[in-house]
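Record features, source Swiss-Prot:
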- N161: N-linked glycosylation site (CARBOHYD)
- N258: N-linked glycosylation site (CARBOHYD)
- N364: N-linked glycosylation site (CARBOHYD)
- N439: N-linked glycosylation site (CARBOHYD)
- N537: N-linked glycosylation site (CARBOHYD)
- N542: N-linked glycosylation site (CARBOHYD)
- N543: N-linked glycosylation site (CARBOHYD)
- N697: N-linked glycosylation site (CARBOHYD)
- N765: N-linked glycosylation site (CARBOHYD)
- N772: N-linked glycosylation site (CARBOHYD)
- N788: N-linked glycosylation site (CARBOHYD)
- N822: N-linked glycosylation site (CARBOHYD)
- 107-832: topological domain 'Extracellular' (TOPO_DOM)
- 854-983: topological domain 'Cytoplasmic' (TOPO_DOM)
- 833-853: transmembrane segment (TRANSMEM)
Amino acid sequence: MASKESKPSRTTRRGMEPPLRETWNQVLQELVKRQQQEEEEQQGLVSGKKKSWVSIDLLGTEGKDIKKVNIWEPCEKWFAQVVWGVLWVLQIVLWGCLMWEVRKGNQCQAEEVIALVSDPGGFQRVQHVETVPVTCVTKNFTQWGCQPEGAYPDPELEYRNISREILEEVYKQDWPWNTYHWPLWQMENMRQWMKENEKEYKERTNKTKEDIDDLVAGRIRGRFCVPYPYALLRCEEWCWYPESINQETGHAEKIKINCTKAKAVSCTEKMSLAAVQRVYWEKEDEESMKFLNIKACNISLRCQDEGKSPGGCVQGYPIPKGAEIIPEAMKYLRGKKSRYGGIKDKNGELKLPLSVRVWVRMANLSGWVNGTPPYWSARINGSTGINGTRWYGIGTLHHLGCNISSNPERGICNFTGELWIGGDKFPYYYTPSWNCSQNWTGHPVWHVFRYLDMTEHMTSRCIQRPKRHNITVGNGTITGNCSVTNWDGCNCTRSGNHLYNSTSGGLLVIICRQNSTITGIMGTNTNWTTMWNIYQNCSRCNNSSLDRTGSGTLGTVNNLKCSLPHRNESNKWTCKSQRDSYIAGRDFWGKVKAKYSCESNLGGLDSMMHQQMLLQRYQVIRVRAYTYGVVEMPQSYMEAQGENKRSRRNLQRKKRGIGLVIVLAIMAIIAAAGAGLGVANAVQQSYTRTAVQSLANATAAQQEVLEASYAMVQHIAKGIRILEARVARVEALVDRMMVYQELDCWHYQHYCVTSTRSEVANYVNWTRFKDNCTWQQWEEEIEQHEGNLSLLLREAALQVHIAQRDARRIPDAWKAIQEAFNWSSWFSWLKYIPWIIMGIVGLMCFRILMCVISMCLQAYKQVKQIRYTQVTVVIEAPVELEEKQKRNGDGTNGCASLERERRTSHRSFIQIWRATWWAWKTSPWRHNWRTMPYITLLPILVIWQWMEENGWNGENQHKKKKERVDCQDREQMPTLENDYVEL
């Protein structure tokens, strides 16, 4: 151990205590330093060199000397006044705008009002749908890995309408095509399942029956659902329109879909989750499939005129050119050739994007005969085309692993033992449980067709493309001015394929049928001079022409080797007509092998394409917590609203100025109070930030104290372990000495020499503990830890004291307002707010009372006009015969003595009550429940009329009057006993 003089002086316990009572001067000095540092920070913030918020560094790795509170101290008065004024003016402007929108009345609809108030960015369009998580919902969730029905809301009950304006703003009248990965995942699962169980199927018998049949046959139906924050927009109304018309060829580069009505839902409609290739689908899918028969928009299109385009415009869903049916990430599902008929690329595969627009719709089989298209019997024998359309799959189709007839009534099926899943064929070793041989009439069928020239906006009629040797010069058969975009400017007088030089300079091939009908126009920008130079360069065509010869219906050129030029496979010009060389609308100078302008096929789609088509009705969006929308109200509610509107229109009040004044006064008070509270909140927030930062600094200091204490405890534990090791060493030495004594051995050069066996000596532990740490070094380190801990405790105590002081400086809202403003001069009128509110409430009550009185007076005036009408009929009685001559003696024929005194009888109270009650029952006031309280006025009206008739009022008192009654036609009057009768 070291001597007493070499030991460092120990820190007393008194010195280790934090100096809380003796450091008030230090606190004041700290406040002065902090104020100066805050001013420097504020200057740095203005110049952009400092952060506006001080970060908390618990470990002290950065900026130990900068322990700052937030730089935002209480705002100065002029700044607070400017902020208050701006907030006040802004609120008044906003309230004025809102009142202006409300006063517009019927100029806007409910969707527009909601779009005005709600967040216009309530949902975002999701373009990469493959990143959206999705799950299936079905009843058989335990077997197919789906969630149970009820996990998501029913889309038929829970929805929100999206206004048309918002749809146009987000989608720009373009409802795009999406290649959804959800059907591809379903097909991949089926494909993987078939591969894994291929060996197991070979051992099964034909009687084996499993639930997998339901999945393969498409009986497992469910929905696709997306979780929050995603949702689906389900289109309810849509139409198509052409876009980007090519001015050279006239074809539409794009066909866009405009959705005008949509709903936000969580799940799709029910559909088959998985199925193999089939032709006839379930009747539950008919409505969904029929919805994809999209009609043309109500714009000026040539195809809408059935006189020019028989059948009108085409209906269906247009899969755009360039669409990728199976993406590159899942290319193993493509197969060698496309199994979907017209849905294919230019090589008949699915490796490349689509080269031609493909239309898909629910087939209309009303005109079909025995499974063949209309006019199928009129085709050339062996041909697969009729009326300009080439048909695929007529006669035999593939349905649920069977070869089925295209005639749905026959339903003849032959099971092939193979199932097509995508582009792969899998064997099916046992008899399926589904019934294929049945009458499939009424089941929906997909119809896939392509317009190779892509002129659907001009006509829906398909044509047989002309060969080049059948294209001749018109020579007067074509008149007028037409183009590829204006087919109606020309007239033809003879059937044929006429080469025509348009006024724009390009060449046109006008296809005329039935001597007057133009069925198509193909064009190019190449003029006649350029074409004729190419024609003259052809071998042996110097003396030839393109004039029409022959007596055929379409005509032909004189020399077949000198027809309209085109480029061959070597991209060289040639005029030789070939057997399979046709002209196409989009390839005027190329060699085209397709004879017909349209291609069609029925069926041929599996569940993947079936789901893919049905899902095009939906668009994936990303929504917020509260997405705006209009919830459809019941019909009774709409009728009630209509009646209320009519009643309000009938009972419009003229004087509404006082209501507007009240509303403006309330808004002004709210704006002033809001602006004041906003400034108070800013001031209070400044103090709060300062206090919170002080508390954070104090917490950081206490954290450092804890870390130092932990280091000191570790050092003490180390010393204890050293002491324990040394004690253990001494104990080992003592044990060894005892063993030596028992073994009766002695040491010689650190070895024990004994006569006992060497195995006993191996039992003894000869390990020695070596440590260079002395007690003096350990005590010095303990002294250093104590000193450091004392300093940290003082610093932590100071920080806690400063934090408590800053926390006490936080004022409340009203004190902050008093500090920011001089309320005694500016807002001394605030003390009259209760009186103002009471006055406003009194005016409102007075207004309500006046409205009630006005309604009562109006009702009284209407009911008062209903009177009990008294009709007095005076009929003279015939004169006795014996007195007749006596009365006629005066020469006046008795009429002078017929002036009598009228006898009147007043109505009783009961009669007046009956008349009033009958008038009430027959009035429209009785049928409306809002006017039922007016029945309380009936007794007052009855009393008033009774007083008027009985003379109690004085001014309308009845007086006895004499009534002169003419005695004209008195002999025709009936004989009565009384002198007159009151009715």
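If you go along the chain as it appears here, the first residue is 1 and each next one adds 1.
Note: Cβ is positioned from N, Cα and C throughout, glycine not excepted.
Features recorded in Swiss-Prot, as mapped to the structure shown.
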residue	record	Cβ within 10 Å
N161	N-linked glycosylation site	19
N258	N-linked glycosylation site	21
N364	N-linked glycosylation site	11
N439	N-linked glycosylation site	10
N537	N-linked glycosylation site	12
N542	N-linked glycosylation site	10
N543	N-linked glycosylation site	9
N697	N-linked glycosylation site	24
N788	N-linked glycosylation site	16
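Computed over the topological domain 'Extracellular' (107-832), the whole-number mean pLDDT of the model equals 78.
Separation of the C-alpha atoms of N364 (N-linked glycosylation site) and N439 (N-linked glycosylation site): 17 Å, rounded to the nearest whole number. Distance between Cα atoms for N161 (N-linked glycosylation site) and N542 (N-linked glycosylation site): 70 Å, as a whole number. In space, N258 is the closest of the glycosylation sites N258, N439, N697, N788 to N542 (N-linked glycosylation site), judged by Cα positions. Spacing of N543 (N-linked glycosylation site) relative to N537 (N-linked glycosylation site) is 11 Å (Cα to Cα, whole number). Secondary structure at N542 (N-linked glycosylation site), as computed by DSSP, is coil.
Of N258, N439, N537, all annotated as glycosylation sites, the residue with the shortest Cα distance to N697 (N-linked glycosylation site) is N258. N439 (N-linked glycosylation site) sits 96 Å from N788 (N-linked glycosylation site), taking the CA atoms of both as reference points. In this structure the C-alpha atoms belonging to N258 (N-linked glycosylation site) and N788 (N-linked glycosylation site) are separated by 76 Å. It is 105 Å from the Cα atom of N788 (N-linked glycosylation site) to that of N537 (N-linked glycosylation site). The DSSP secondary structure for N161 (N-linked glycosylation site) is strand. N364 (N-linked glycosylation site) carries neither a helix nor a strand DSSP state and counts as coil.
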